[in-house]
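J.: Sending over a structure as structure tokens; questions will come in a sec.
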Number of protein chains: 2
Amino acid sequence: MENHIDENEKTSSVFSEAELEYIAPRSHKTGPSLLSRLGNRLRCSGQMAKSLLFKFIPILYWLPRYPFKEWLLGDIISGLSVGIIQLPQGLAYALLAGVPPVFGLYSSFYPVFIYSIFGTSRHISAGTFAVISVMVGSVTESLVPNDTLVVTTNESLSDTGGERVAVAASLTFLVGIFQILLGLVQFGFVVTYLSEPLIRGYTTAAAIHVTVSQIKSIFGVSITQRSHALSLIYTIVEICSKLPQTNIASLITGLIAIGVLFIVKYLNEKYYSKIRIPIPMELITLIVATGISYGVNLNETYGVDIVGTIPVGMKAPVLPRSDLFPKVVGNAFAIAVVVYAFTISLAKMFAAKHGYTVDNNQELIALGLSNFVGGFFSCFTIGTAMSRSLVQESTGGNSQVAGVVSCLVILVIILKAGELFETLPKAILAAVVVVNLKGIFKQFLDIPMLWRTNRIDLLVWLVTFAATILLNLDIGLGVSVAFSIITIIFRTQLPHYSVLGQVSNTDIYRDVARYAQAKEIPGIKIFQSSCTLYFANADLYANAVKSMSGLEVDKLIAMKKKAMKKQKQMEEKNEKLKKKENDQGEGAQGGGGGPHPSFRVDMPLLALHITRNGLPSAARTNYEVIEEAKQGFLGNGNIFHSLILDLSTVNFLDTVSVKILKNIFRDFTEIDVTVYIAGCHAMVLEQLEKANFFSKTITKGQFFSSIKDAVTHILNTQSLTPEQRNEIFASTKL
Amino acid sequence: MENHIDENEKTSSVFSEAELEYIAPRSHKTGPSLLSRLGNRLRCSGQMAKSLLFKFIPILYWLPRYPFKEWLLGDIISGLSVGIIQLPQGLAYALLAGVPPVFGLYSSFYPVFIYSIFGTSRHISAGTFAVISVMVGSVTESLVPNDTLVVTTNESLSDTGGERVAVAASLTFLVGIFQILLGLVQFGFVVTYLSEPLIRGYTTAAAIHVTVSQIKSIFGVSITQRSHALSLIYTIVEICSKLPQTNIASLITGLIAIGVLFIVKYLNEKYYSKIRIPIPMELITLIVATGISYGVNLNETYGVDIVGTIPVGMKAPVLPRSDLFPKVVGNAFAIAVVVYAFTISLAKMFAAKHGYTVDNNQELIALGLSNFVGGFFSCFTIGTAMSRSLVQESTGGNSQVAGVVSCLVILVIILKAGELFETLPKAILAAVVVVNLKGIFKQFLDIPMLWRTNRIDLLVWLVTFAATILLNLDIGLGVSVAFSIITIIFRTQLPHYSVLGQVSNTDIYRDVARYAQAKEIPGIKIFQSSCTLYFANADLYANAVKSMSGLEVDKLIAMKKKAMKKQKQMEEKNEKLKKKENDQGEGAQGGGGGPHPSFRVDMPLLALHITRNGLPSAARTNYEVIEEAKQGFLGNGNIFHSLILDLSTVNFLDTVSVKILKNIFRDFTEIDVTVYIAGCHAMVLEQLEKANFFSKTITKGQFFSSIKDAVTHILNTQSLTPEQRNEIFASTKL
């Protein structure tokens, strides 16, 4: 019976064998026998080739393991839903990219298919994406500027339209190359420079660019296309000046479409839990609008701009034009990174939600291959649209199969139904674009949120937004990345410096200025900086240590130096006098005393045990001079003898900071304050060693792993009397 | 008698009253009576005005207190020595700046005099400086390009020479304005961006620029002047191509001068301790060479280029030409910062050596006023030459009086002796320039030193050097500063991650991979990053935590999610079955059992106290599933229950890193590992609070001030049995 249950358990286990292998391929570690290890090694090379293949062509791995019964239905429904959205988005975003609408359909087919084969994310919907499309558009429009895109016959495609398509395809090809290269050299990490506030600020600005570029379609006016700095401002000004020329029919069409789409989008969201599969309102709008447009003949009667000829059937692949490469290479790199940044963040989000992992570098390669292949088929660059991915996931999509299904939908349109949409007004497509930006515009809410939580990140957001609005999407991105790197300097340039005190009867040390319970230990100053120490704040650190120590360190040192000089001069004088006296004595044997009694005192350089008033000043030791001056500065009875620098916040040390630390040791040693280091991390200690920090005067004995240890050490050695310390001082210093 | 000694002490004290006041003006703090405080307040406004005056015009403070008897002689000797060096350097550096030599003399007079009044450093020698002169030269030569500087008559000065002088003066004026402004807004800190390796790499490259620009004078060939990127390379190529046209007389003159100057410089350094005042070999060379040149008529006989007319007497001040301002404003800012960087580093070095302080912002103002005034008197920009400052200090200079004396020397030359140097060959001046660069060229030794001590600083050095060589002094500086800021990313982007273990019987925790004594505490992982956590390394951090935890965290979560799903499905099935059974039972009362025994077990979602083999798998709790999987991954008997993140190296948190920390808490909580934070600094804790980090699942109770405290807490709560923990788990989770 037990056996039976065991058996039973095995088959009805929550994990199938394959799944377990998928989930824990590294769990074989636990002690295999020598023989089996030998066998393993033999099988190893074959397995490695297989796992490499699985790594680079994930479909080979997941398709044979695809749980048809459980996943297929969901994937088909999801694929159909996504395909239905891809259609209007593809047409609309093609306008953003500055190419005829049909290329949006191509872009929704070839690259998406390739992604399904190579991608590792099971829920993102690869395809056209507004932000990327508008980035592509800024390139095509700057290289092929005149606005003659109203393609009415198949031939005129070879004019501006054709040229733009070539630019877009070359750009896309290069984007693919960059992504594949970045993936192969495992440089997926470049995306980390695009921090979240940066990306959100950037997309918000991109959405504004997109909206402005669509306003002209909605108002039915034609606008000079620009892609220089401040072009957005010029365009807005031009649109305003051309408002009187508005095509009322176009405007009404657009506004109605926007209204309907917004309402349905809202209803879709509100009743999502009930209907599960959203109403494909975009498709319905397209069909209805095309029908009305055809029936009323909107184009000829009211001058409403329509989509125009959509060639039926596939096109043969064309080599991307290499003469365009040098002109688009910079933008290609920027776009490659942005595409990846969006995709990976979405992919990770879904992976976390559904409990699987995505392979960063494989994602790069998959996107790269998609765009690379797309480049041959006159596609523009694709990415991953958040809204569409959410539809794919929420309608029950389980795997990349949904993507394949959505491709097939597009394929059918390309092959059969494309021409049906020829009378579709462009204003409808503009409406589709604008409504789809709703989610991005919500990101303006980041501003109050970041204001409350992190103002420097807010600054990054705002600077990115402003730079992208004013300098356009390419240069704006560069400026934003540079700025977000500089914020590291902002955040660490002006650290918070604090003097720590012991929280009574604990080993905890806290800022005395903030915690009333924290009390300074008499004679010991514990100093902490909130940030690492490097060239930009090293000087500040040194000044803060000196000023927070409560001593005018530099002046004390000056005093000491002066005192030593005077003392030396006096000694010399004394020597001379003595010599003279001796000479006189030799001559006159015990003649009159020297010119002044003080000069007759025979004194060693550091006469110990001499009270202040008992002897003239020259006899006072340096030690006393300093201690006295310190008393004057501190104004209390405690002698400040030890300084502890808590270096736990230090991440690394450059030559400047090592020098500053050396100077602190030198200066405080000069005024008889011993410096100790606490909490120095192993890496930093190594850097100090390399930088020849340690010497006769700075030893590792002054380094402690914690403040507590340093304090304990100091208190132990400070149990000596002042005289004993004086002795130590005399024997070691000068 | 006692009284007498006291009296005596007072007068023969090591510090005079005035000195004490100077040294410790802030030591009045100690308890004055109410009355005296009132009096103080009344006197306060007057005193404040006085101290402000003293601050902005330091000479008013120090001159009345000047110890004539002790310092005057030293200052005069030092001033004479410096003046004698200023003369040849002024003439020579004028050539670097691209203006006729006499303007070098002006630049060694007016600004130096102004500096003596406003400067706070007592030992630096303000005046012409090779690096700054060549920066000025690159501006004058780019704005007034054609090389017709061989000024032989007074009139031709108004041509290129005059134009260049106007450019240099306008530039200098703007430099002055920038420095004054920076000083007034207390922006002296901008100089901290010029880290030491940057400055040293920069000056080394500048020295190469200077040398190349002087080679033409030594070889006596004329070279097209360039100031674009890579101009240095082009110039070297042109010099090489023109070598056949070398003027042998000029070359011999130059080489002899270099030889003599080098030898005397060497002797001066070697026998410095004996002779104290260095041999003024530059002056001697100048005089001898002028004599020979005049006697042999080098210019006409051998075609050796000579200095030419030096107008005698002063020139009336001229307003700087404001039409040139827009053209030089960028360079003016760069030069303003570089001048200040050099000056303040030298000033601080001497101040530290002699035990006084310099006022950063006052130095900026002093330099600014010097250049501002210089701009009216056709001077080019001045800075501080290290070599001359060392002479000033070593020949006994004690104060700014030495500077005044050196001015007077130059004044005499300007008024009386200038014309004597008219036949001086330019090759001699070139030799003076080159020999004075010796110290800077020694900086090439930084390369092996930095290779040993700090390679990233070496990179900064090399990049600065290369950028400055290739892109010239202005753009090169910008690129270098940008690069040195980016190194902060390099240094923190790839932190060293370590798992810490306890060093036996201590509170010290160290990297287990490095320290054999450090042992991990069973069940607890302590994780530390060597660097702060921010957008560029946040992802890496999360991955490192997960991989170093020894668990396939993501896969465990996936397993858990799957298990939960399966469990839910089974439950639903069971529910149905039961319902059916009940229905059947109601119908047939105790009919045949369900289709499979496993589905008949009535089980709660989290059945406790169920052993693994005792019941079918669906009855296993999530907790068990995870613990079991964890066993598989860890391969040892210990259950990993606690993760401690040591955040002591964290300096600040941005939104990205807060999110990553949140994710770590979420993920590890998911697999039943409790996360604790240790060593989080107060500032960081504040940022976490602001960022809404804390919630029901992440509480401040998980934050401990040290690793030790966290470990103690964990061990105390972990004394519970697995069942108890299971209970806690069941009661709090799901």
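Placement of Cβ uses the backbone N, Cα and C atoms for every residue, glycine included.
Those TrEMBL annotations? Automatic predictions, nothing curated.
Okay, so TrEMBL annotates it like this:
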- B:91-118: transmembrane segment (TRANSMEM)
- B:124-144: transmembrane segment (TRANSMEM)
- B:165-189: transmembrane segment (TRANSMEM)
- B:248-267: transmembrane segment (TRANSMEM)
- B:279-296: transmembrane segment (TRANSMEM)
- B:328-352: transmembrane segment (TRANSMEM)
- B:364-385: transmembrane segment (TRANSMEM)
- B:397-415: transmembrane segment (TRANSMEM)
- B:465-490: transmembrane segment (TRANSMEM)
- B:514-714: domain 'STAS' (DOMAIN)
- B:568-596: region 'Disordered' (REGION)
- B:568-583: compositional bias 'Basic and acidic residues' (COMPBIAS)
J.: Do any residues, 6 or more residues outside the transmembrane segment (B:397-415), come within under 8 Å Cβ-to-Cβ of it, and if so which ones?
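T.: Same-chain contacts beyond the ends: 58-59, 62, 66, 70-72, 74-76, 78-80, 82-84, 86-87, 90, 102, 105-106, 108-109, 112-113, 115-117, 119, 122-123, 125-127, 312-314.
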J.: Report the listed stretch (B:248-267, B:279-296, B:328-352, B:364-385, B:465-490) having the maximum count of Cβ pairs within less than 8 Å of the transmembrane segment (B:124-144).
T.: B:364-385
J.: The domain 'STAS' (B:514-714): mean pLDDT?
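T.: Mean pLDDT across the domain 'STAS' (B:514-714) comes out at 75.
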J.: Six or more residues out from either end of the transmembrane segment (B:165-189), which same-chain residues have a Cβ under 8 Å from its Cβ atoms?
T.: 97-100, 103, 136, 139-140, 143-144, 157, 318, 320-322, 324-325, 327-329, 331-333, 335-336, 339-340, 344, 360-365, 367-382
J.: Using DSSP, what is the helix/strand/coil residue split across the compositional bias 'Basic and acidic residues' (B:568-583)?
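T.: Counts, helix then strand then coil: 16 helix, 0 strand, 0 coil.
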J.: Taking contact to mean 3 or more CB pairs closer than 8 A (sequence separation of 6 or more), are the transmembrane segment (B:328-352) and the transmembrane segment (B:91-118) in contact?
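T.: Taking Cβ pairs at least 6 residues apart, the transmembrane segment (B:91-118) and the transmembrane segment (B:328-352) are not in contact, as fewer than 3 fall under 8 Å.
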